[in-house]
Amino acid sequence: MRAFECLHKIMNKILTNPQDETCRRVTLTSTDFTETLLVIPGCMDFLFSAGFQEADDAFVLPITADLSQSRKLLNQLKSCLPSINAAKSQHETMELTNSELNFIDKMLTYRNFVLNYMDPELQKQARELIPSEQLLLSACQNNGCSQDEVKPEDFLRELMSWFKSEFFKWADNFECQTCGSKMVSHSVDQPRQNTNEMDGNANVVEVYVCKTNRQHPTYRFPRYNNPRKLLETRLGRCGEWANCFALFIVSAERSSHQPWFDACRFIMDWTDHVWCEVWLEDKHSKRKRWMHCDPCEGQLDKPLLYESGWNKKVNYILAYTVPPSPPPRQISRNQLTSIDIQDVTWRYTQHFSEVRSRRNLIRESVLAAKLANIHKDAVQSWSSIPDATTRSDENPFSWKSILSELISFLHPPKSTGQLPGRQTGSLEWRAARGELGQQVSGSVESPTKGSKYIIRPSDTELKSGIFHLRYNSALNIYERPSYNKTNTNESSSGGNNCSTRVKQQQKQQEASSKLIENARKSGLFGWQSLVYEWKNIFRKVELDWHMVYLAREEDSNPTDEGIITWMLDLRDTGYVVDKISLFTNMVCHSSDSHAHFVLCSGEYPSDGQVDKQCESTESVPKSCICLQPGSASLFNSDAMKGSDFLCLKARLWNDDSAAKSSSLAWQQAQLFRQKDNDFDTWSLEWKVVLIKKQSKKE
């Protein structure tokens with residue numbers, strides 16, 4: 001607090017006497033400098049950001065410096081110093097307008113969301129739903145690292161991907177249960193007493209009617225605010241998405257029971273959107289900061305998404321900081337004062353002057369005073385929680401982090417390239433909200449990922465003369481039946497001995513769990529685990545249609561192709577290819593979407609993966625075979641006989657002209673599509689018969 005008071009005094013003197021050069025000097029021998037600015041971390045950075053320059057015996061703010069930045073800085077400091085505005089705040093409280101009263105009431109209401117995240121029982125319930133092992137393994141595969149090397153940001157990306165593609169569903173296009181027609185919005189109602197609508201703390205209920213026949217039963221969609229209820233329904237729009245995902249961020253733990261994330265915020269945009277912020281390490285500066293995270297859009301660290309991409313006219317964006325976790329005995333439903341509220345608008349805009357002109361719902365002085373009191377209460381509450389403010393130098397619950405955040409607001413954020421319009425929701429709904437933005441063209445191509453893994457046959461496979469690889473997308477596992485006969489997984493079928501359907505399902509579930517467990521132990525879990533490299537591919541789980549498949553990344557650029565590559569290396573084994581069989585399923589939902597598999601011999605890595613001592617000496621000409629939807633599977637083909645290296649590549653793409661006009665282009669071409677409970681069908685079967693390589697003398 002001493003640092004804030006000192007900096008406020010300096011900035012206030014400058015703005016009160018802008019032409020007085022003595023007010024613009026901070027001498028190196030002054031008490032302010034020696035006892036405060038020099039010793040408290042962040043103070044000098046703050047002065048430099050304000051425009052101060054180093055002189056012989058002082059730090060000086062040049063007479064030519066832009067005072068608008070200093071004025072803005074002073075207002076930010078006021079929001080952290082309740083004592084400065086205390087008298088003024090008491091006087092202005094008597095003169096608050098209806099608009100200001102409504103603003104403050106709405107601002108405080110959102111703290112109730114965050115209060116739910118502090119419930120240890122609810123955290124446990126959420127934590128049990130997170131497939132931590134699966135996400136950790138996927139993070140390892142996507143980043144080419146060990147489990148111990150996975151960073152919080154890497155895990156967050158996997159958590160967000162799972163949440164978006166598998167756990168939560170967007171509430172849109174409700175269907176009439178009578179005739180299957182699309183339903184349309186009709187009215188807004190209050191929650192009914194003594195129903196689930198009240199249990200989930202719904203403040204409103206949207207009512208939908210059948211578009212074809214309004215006599216058909218209506219559909220009521222409660223807008224639940226309680227994340228406990230959202231763990232059950234798993235349905236909603238941006239409010240429900242951010243509310244539920246924030247709970248997962250707070251609840252996620254490592255195997256050591258340490259939290260994955262130091263801190264989390266619930267972000268409320270006054271122009272009707274919500275998302276999260278997470279305290280993460282910046283990859284460039286290696287320092288921690290609050291990072292934008294939108295689970296609806298699947299976007300991380302893109303704060304200009306709304307202004308530059310969606311064309312939103314932002315005015316107030318407030319951050320609600322989830323307090324550090326206290327021991328369970330300290331949890332109280334009335335502990336609202338421990339929830340800090342920060343005005344973070346300036347992180348999300350490049351147009352400071354335009355945004356200031358739209359901030360007319362409450363006087364800046366009133367807002368600053370209110371936030372200052374809230375912040376003071378929160379800091380006092382944090383200080384009573386063991387280790388909350390002494391965790392590290394980069395602590396989100398410290399004065400230093402608050403000061404660093406204020407410094408970051410001095411200058412507009414830099415654009416990171418063209419950003420897309422809103423992707424979630426129907427086209428009509430997004431257009432009505434004016435959030436389509438501009439069509440992204442010439443955007444950055446999806447990066448190539450992968451660990452450069454090259455498959456090599458085991459001794460057992462060589463002795464048996466068979467390399468057999470298969471993949472099941474429902475289980476998301478590979479099998480190599482000939483890899484080690486003692487560890488060959490049993491089929492999950494063979495379930496007709498059960499007398500009831502329930503027992504059959506139970507037995508099938510147990511068998512599938514065993515398959516997944518064995519795959520994890522063998523390094524065969526996850527479609528990425530045996531892939532050399534891939535680009536713009538992800539595994540899609542359709543919760544409504546109960547289908548699973550690989551496709552291009554959701555909402556990716558329509559003209560971007562998706563590619564997966566597997567490589568089989570027989571060099572230095574004494575064996576070569578005899579015959580090859582290949583079965584796979586590909587689905588294309590339009591005449592403009594395409595998928596194919598290309599199997600080539602002699603196509604070696606071009607990135608230094610080839611060892612000098614085992615370079616190919618094969619004399620077999622390079623050849624390729626292409627499989628497309630509808631074409632016959634490859635069965636015992638000898639076209640590549642004698643080869644010692646195989647490359648199997650899958651490609652998904654759309655015709656350029658058609659893709660540009662379709663927001664679902666990413667989904668139109670699919671690989672390995674099957675039912676999510678089909679544990680017996682292998683949607684990829686690749687079998688290579690091996691023979692011993694003949695010597696040149698032979």
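The backbone N, Cα and C atoms fix where each Cβ goes, glycine too.
What TrEMBL says about this one:
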- 2-73: domain 'PUB' (DOMAIN)
- 200-295: domain 'Transglutaminase-like' (DOMAIN)
- 421-689: domain 'PAW' (DOMAIN)
- 485-513: region 'Disordered' (REGION)
- 486-509: compositional bias 'Low complexity' (COMPBIAS)
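Using DSSP to sort the residues of the domain 'Transglutaminase-like' (200-295) gives these counts of helix, strand and coil: 21 helix, 36 strand, 39 coil. Applying DSSP to the domain 'PUB' (2-73) sorts its residues as follows: 41 helix, 8 strand, 23 coil. The predicted model assigns the domain 'PAW' (421-689) a mean pLDDT of 81.
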